[in-house]
């Protein structure tokens, strides 16, 4: 680890900068054909929605860095890695995503970067952060950087296929981000299966404060999801529809997630794992048809069902996946992104079939869902096999879910207890 | 609890979805008469302030879900409920608020939902979250869902009366949200008075980290209050005035809250309860006249006074309310929302009387304040009586302020201490 | 302390309100000469970028209050002061900054406050919050209020000189905020040198959760830096360039900060201090040339170098500054703001010399950097000498880095330990 990680990280960044030097320029707005004077440097501001684009960009940015980062801090001793490695992967991923997505849309051999491009670059990192949730606590930073390169590259191919070849609708990316990221991550987790964790791990759980940190992530994701699902929608009525559908789907989802959590838990109590995750399933599931004319109640129905499916998944399906299929899904991304993502894809097929989207084609929607799942599973297996190579510093079982293998962890709290124990003339070193 | 909560939550959501199916459609902008082609689906984007509306919506959203949610996490063992039940109530409340507010403004028998409507729906939940602060730690989720239905329904009647019948000004809602929410909550708290908590409760206090979590709520509320007070203001100079007045009132309020906190506390120390709450009183108190021409220094004077009143209230009035009037106000909403809300209403009367608002009428302002207080107190008492019915799962005194009655709480920290104690050959079970 | 702090705080606020009453009015947009009807109160909304301005204002606001506030909560027992005193200083500073900056731009003897003015007022507080980081844990609130007045006054002179006399470019304020704030703070820290802290202090360190709280600050600063560096840029292409350059510089900086942190630490581990701070250096260093045509890869190169310089500074330079030069820099602002700020200034000189900014003058850029450093060092020494006067309640060495000298700190956690110790028949009072 000593030299591998710094070399890989620096090398990747330097290669990326060279690629940017060759391929990436600012978008001067001249190619957009809006009829403004192309020499006018203020052109872009004349678009009425530039303020909106920038504010939505910042909202999406918060979801990627605070939302995903803190959502994973629920583990008691893995908060540094959750929020810190999230930052690392997303910071690299957005650069890589800008390149990979841009290669499909070269103008004069250049990638012209603008606000919509950086929103899309942020989006591409979301796939990696979702997959990160599946393998959280069991992978090294170097392995995860490799996953980032592979996953964003494959994502960009599938995205191009879905958006430009199949011309399918997926404005909030239920299929191409959520389902894709989840099944990619689950495939990786399957390949990296650890029999040694079959009976759990002491650090694979939360403490009171770590659950509260995770709620910071949950609530920021929940709040800004309307921006996520509408950021690249067609400006105007369509975009506002995406905001409203997402707002309502998430609200309905909260009620069903709370209800089912209480229903299935011991003595009707609520389970923080469900609240932190299943309340967000409505945002995932409404993604594909967020900008369609499904009616406010249609969005709410989707959210209601997503909250139920997701909570039941956490309760009943995750343990089975681990014990029967060897898929150890740390954050339960199958329940938050996988099943709700498929639900979103199916809802999109139905909505398009019912004529809720002008020009939509239900068969292409179905093909888009199949493509996303196919690329995810095959790509995830291949990526998992590469990550499994023995020289990437994968942590041994006993060091899983523990920051101290990759981070300098402050000794204070434990020292404090030690000195307390010391005051009691007890030297039990196992404690500290 | 086992079955009651899931049934109530699911039933409410399903009823709400049915009501949405009957009443709620997207606002296609055709009814706004701005002279654009009504068939043009992008109509709404042509309003120059749509980007502004969406960014203010997201700011208000953050205040409701992060601001109120984390502000209440100051209690040492009630963080899950604070941020979690806040999410539940607000998610249901915004749906219910959209219906209740919309019923007064039907177009062709339909509620046409747009960005301003969802901002207002978020606003309606603020009343409930304020009242939640008064009864925090002493009520069950089912009781609180009932309070949500009742309070938002009554709020919508009063809001309609104030805005459309009296035509009073209350752009930042000092009267119709803050004073209303506070006195409604205090009335409920009075009805639910618990003699058993007269001498305090072990869990009714903070620990170091819980106070820091609460500061996340405080600071997000503080920062985005300019958006709260200006979100529904008339676009242009009036709206910018509301931003600036709120910005300055809050800044002045911080200084007076800190000064008075230090002045009244033991050896000049600052008290976190004051800092977490009284620094926000300037945002409440400037609400009614935020969009009036009161001058920047006028806004600062209001903030200065609000900070003083609020801090003194926490120090001297809250204990008296509890001991003499039987009003146990967990978060001190009387000091943050009650008195500053009335101060805001009074400032509005004076400002209108001095001609600071074109077309304003001081008598109508006074009537609006009286109406808000009247609806709050009567509505709160009625709601409290319903909540007091014995089958809603109200927690017994000894389980107050404790997440573990409604949540699965991780055992780790306590186990850790237990094993520490164990290592010292001490079996004092009271500790763990 | 008992009376000094409340009197100083209240007196400052009252004086400020009086100055506002004399000097400050709302900007009605009439003086901007955009050719609209000057009587039209909605004038300002007709600017196409008003929504953008307000959303960027809120982003900057988050950086000032959440970003800086939580970044400093890394200390184990100084979180109340970090986030609380940050709020106090920024709330006062923005008022003072509005006055000091406005005095250079009077119209008809008045300061006309608008959104750009309040963004600039927020900016002026950033200098103080940076300097606060250098003296964190070793100064009283009264001392810090004095520093706020002095620093913002001097900052405003230098800013006027740089922007209006030298007409230098510093859109993201690498020189006039970051380098200025850092060297001002370091000069103050030098004057306030404490030999008694030469060998460290028990409380001068983090615990696990305090490091996570600090990451909230880090990530919010990181995310909203594009708004910081572009908020006052020329609307249009130039402003978008500033967003994109900052976005990319920060992303590249993360990779180099992580790589170097791992490289220089024991067994290749990552150090939270580096991650919390050095990942932000790219935002600082790209500030001066954020709106210049340096190319996306140019921005990334700046970020890459900044991350390296900053991390190495934390590892090797900070200990030397403390031991050899008597500069005890609590938060390492020299590494986050000082060196990257100078790097930004130098990059600006080079970029202007290479013609990357129309109308720029490299000599003026160099003069601006020199002026910023000169004002900072001289101003900091003078301010430090005033702060050193013995009647401002500076804490004794043993109470440094400890909230309990200025705050009521909840006793619960310690009581808990005490009772635990008690159960073990140990009365070691040093523990509690």
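Glycine is no exception: its Cβ is also placed from the backbone N, Cα and C atoms.
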Ask   = TrEMBL tags one of B:99-117, B:175-193 as transmembrane segment - which one?
value = B:175-193
Inquiry  = With pairs fewer than 6 apart in sequence excluded, do the transmembrane segment (B:7-26) and the transmembrane segment (B:46-71) have three or more C-beta pairs that lie under 8 Å?
reply    = no
Remark   = Rounded mean pLDDT within the domain 'Ammonium transporter AmtB-like' (B:55-404) lands at 97
Inquiry  = Which sequence-distant residues neighbour the transmembrane segment (B:205-225)? Criterion: at least 6 residues beyond either end, Cβ under 8 Å.
reply    = 59-60, 62-63, 66-76, 79, 246, 250, 254, 272, 275-277, 279-280, 283
Query = the transmembrane segment (B:144-163) vs the transmembrane segment (B:297-317): three or more C-beta pairs under 8 Å (separation of 6 or more)?
reply = no
Request  = Name the range, of those listed as B:7-26, B:118-137, B:175-193, B:297-317, B:366-387, that has the largest tally of Cβ pairs under 8 Å with the transmembrane segment (B:237-260).
outcome  = B:297-317
Request  = Return yes if the transmembrane segment (B:175-193) and the transmembrane segment (B:366-387) have at least 3 CB pairs under 8 Å (sequence gap of 6 or more), otherwise no.
outcome  = yes
Query = Short question: which residues 6 or more past the ends of the transmembrane segment (B:337-354) have a Cβ under 8 Å from it?
reply = 130, 133, 168-170, 172, 174-175, 177-183, 186, 281-282, 284-289, 292, 294, 298, 302, 305-306, 309-310, 313, 360-362, 365-366, 368-369, 372-373
